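Let me begin by presenting the structure, written as structure tokens, before commenting on it.
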Amino acid sequence: MQAKRVLTLAGDGIGPEIMQQGTRVLEAIAKKFDLPLQIETALIGGAAVDVEGQPLPESTLAAAKQSDAILLGAVGGPQWDTLPRPQRPEQGLLGIRSQLKLFANLRPALLFEPLASASSLKPEVVAGLDLLIIRELTGGIYFGQPRGVETLNDGEREGFNTYRYRESEIKRIGHVAFQAAQRRGKKLCSVDKANVLEVTGLWREVMNELAAEYPDVELTHMYVDNAAMQLVRAPKQFDVMVTGNMFGDILSDEAAMLTGSIGMLPSASLAESGLGMYEPCHGSAPDIAGQDKSNPLAMILSVAMMLRYSLQYPEAAAAIEQAVADVLTQGLRTADIAHDGDAIIGTKAMGEAVIKALN
Ligand code: IPM
Ligand code: MG
């Protein structure tokens, strides 16, 4: 069997330390299941700016295009915030998403039972929570032209961005969402702001048109402000949610926190070609970087998602997910998921515990 090529992009902040644990778990699972994997690394984000002067070097993009799947840590940090926008770390992430056409971002929010008390919501509100946010990732206001900051005739500056979606972009993400709902609880909630924004009025229309092709899925619509409220009021009403780039960015952070910590949530960004990039939903957390304090579980669960969606090793994915559930049942906690009096362990120890549980 030809080895599958995995490219790891650790990035900035806590990126390298969680990637180290993610890679160890990947190596351990490859050994256990005898999976032929070839792991390579490249630079992205601020780490790439420091060495190459730009957040997404050509060599990184080329390596990404040749791989079967990509693992990403996190990008960004205060030391790069004053650079001109095209050179900031975030542009590396947005650039790779766009260049590789990773339009479908899957962000599952799954509550591991032992963490019900780590949520900021009452345990009964979140116990059993299992929802999937599908965020459009290569369009919308993040990429719309024109954009910029200009000085008007009267000397005042004006900033502007453009929120636009083509029908084909809405359809493409819609199909992903309906099909995901078919494999799950068969309920899809499309989130928009159709009462105010024309672009999301079109979004709603297109979703309604697609619904005819998926009679087994129950489609509902919700305005984004209400969706944000419903997520904290009664999150278990949701099965699959689909929304545009910016609303998805915001709602997925909110949903993440329902599960106890954003440090628990993996994500997958998929292209039509099947190529996928896998990363934690959380950011680079520069305030705790390099201190062995970060939670590597979102990274480790991203490895599991990669094995399932891009590498087609579902048993290996399930084994990692089970190992994560096991360490949580054993009571092992990093600081972000600790609750009254729990003993706290570090990033490395958590990674080691997962590997031990695997074997
Ligand atoms: C995310 C992040 C990114 C985004 C940032 C780092 C550009 O918040 O993946 O959710 O806004 O998409
Ligand atoms: Mg975000």
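Even glycines carry a Cβ here, placed using N, Cα and C.
Note: TrEMBL annotation is automatic and uncurated.
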Quick one: which of Arg135, Arg147, Arg184, Arg204 does TrEMBL put in the substrate site with Arg97, Arg107, Asp225?
Arg135
Looking at the binding-site residues Gly77, Pro89, which sits with the largest number of other Cβ atoms within 10 Å of its Cβ?
Pro89
To see if you understand the setup: which same-chain residues, six or more apart in sequence, place their Cβ under 8 Å from that of Tyr142 (site 'Important for catalysis')?
Leu94, Asn245, Met246
Count of other CB atoms lying within 10 Å of the CB belonging to Arg135 (substrate binding site):
27
Protein Cβ atoms within 10 Å of Asp253 (Mg(2+) binding site), excluding its own:
15
